[in-house]
Amino acid sequence: MTTASIRRGYHVIKTILHFGLDDLIPKHKKPWYFAIVRNSLFWVRNKHKTKSPAERLKLAMQDLGPVYIKLGQMLSTRRDLLDDEWAYQLAMLQDRVPPFDSALAREAIEAELGAPIATYFDDFNDTPLASASISQVHTATLKSNGKAVVLKVLRPNVEQQILADLQLMTQTANLLETLLGDGNRLRPAEVIEDYRTTILGELNLKLEALNAIKLRNNFLGSNSLYVPFVYEEHSYQRLMVMERIYGIPVSDTEALRAQGTNFKLLAERGVELFFTQVFRDNFFHADMHPGNIFISREHPDDPFYIGLDCGIMGTLTEVDKRYLAENFLAFFNRDYHRIAQLYIESGWVSEHTDIIAFEQAVKVVCEPMFNKPLDEISFGHVLLELFRTARHFDIVVQPQLVLLEKTLLYIEGLGRQLYPQLDLWQTAKPFLENWMSEQVGPKAMFNKVKSNAPFWADKLPEFPELIYDNLKLGRKLLGTQQQMLDKYLRYQQKSHKSNYLLITSAVLLICGTILFTQIVTLWPAYTCIGAGILIWAIGWRSRPKNRKF
């Protein structure tokens, strides 16, 4: 353990005590050494006793810096784990940090390019356009075509800082599994592992560039989403160069209203955009918070979204997609038994789950939702409540579904912020029903045959040879099986004969012994015993020697 990690660990412990987070651990769960640590830092007092535990956690994470802020933001989306108050407080965390020195930014960019910035760019602006915990963005003009671009570069030494904090988080999470009364329900170790995967993925800007290119290609010519062009030849692990956009932040409703944006159409397109990404492309933007979404300035009566920051993307298996679509349809049909069946069939909960008990639990949670109009029912909260219910039946956590739930909550919140009258069900239902019709029935079968036709056309010339080889193999197997059967029958015949003789000899020996003790004339006894020994010898010699068939 390095001096820096010891110092960081001390700062984390001090912050926990300063905000009174140690009070959240039940007294009977605190280990013997906890009091020693607490007393050795007697001058650190809880100065926030009047604040709620959730607010104290938010303030502590804000104080601990960017890595913990991003963890808090991720936790705020895990409403299947946290109560609403905790999720609300953590959602207020802001990933805003002071920019780092532009000289360091230049040095990092040139190290990735392998050449001075002026070789490829003009008008590089030392003042960053934006600054976050992991990266910083500068503007410039690309020399090759004169177009405005942005350069996203990772902060210096950010990987080492994140790995050090992740190590501390993992150790703390393992301790909390034991100390917290509901540690198993909150699953801190699982949450940190999920966070590790997410944040380490954000450290690879080359991967983000490839994600952006794929998402852009999926929506080329679309009237709902535009993804800026990425200059792949200038993108590396610590640097990404992309087209500069000039949209309006989706959270700036005043500016959108001032330009006459069609909010109803924009909200509906947001819902369609989500379901298209999930069910058509199986590749969805999983970090669609307001800071990553802009709205076009052109044609406000026919607006489209502009998507940035493709560091976190989600995918679902075909099985997950089908069960998810069926889940939503079953919910709106109030078919709770089918919902319970789907969770078990999909493997999201154990096959040994009591389906009747699970169905009743789902009904208790879902039925009250129908007391309000359909246009007020939230897809995200339906999924959230189902996950929360499944927690009590030991749901097998599916990271891809957690990303989906988070994204769906973002999209719904965004849609209703833009257009409060948005009827999510009426917008999504035709999409889900059309997608389901393509997955089952004659049309689905025809599409699958059609999609596999090139494969079978490629294999068709090999069919005669494959058929001939299989016939030869079949004949060979048949001959081998016949030989094994013959050997087995011979073995059985010998075995039966041997057993018969051995049993007969045993009977004769027993009879001879009885006669030997009961009568005066001994020749019958000797005859039985002699015959028994002879028959035993014959039976013993006739035993089958080999059991291999």
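Cβ coordinates come from backbone N, Cα and C, glycine included.
According to Swiss-Prot, Leu129, Ala130, Ser131, Ala132, Ser133, Ile134, Ser135, Gln136, Val137 bind ATP; the candidate from Lys58, Lys152, Lys206 that the record adds to this site is Lys152. Each of the binding-site residues Ser131, Ser135 was scored by the other Cβ atoms within 10 Å of its Cβ; the lowest score goes to Ser131. A distance of 18 Å separates the Cα atom of Val137 (ATP binding site) from that of Asp287 (active site, proton acceptor). Counting other Cβ atoms within 10 Å of each Cβ, the binding-site residues Leu129, Val137 show the lowest value at Leu129.
Ser133 (ATP binding site) has a Cβ environment of 20 other Cβ atoms inside 10 Å.
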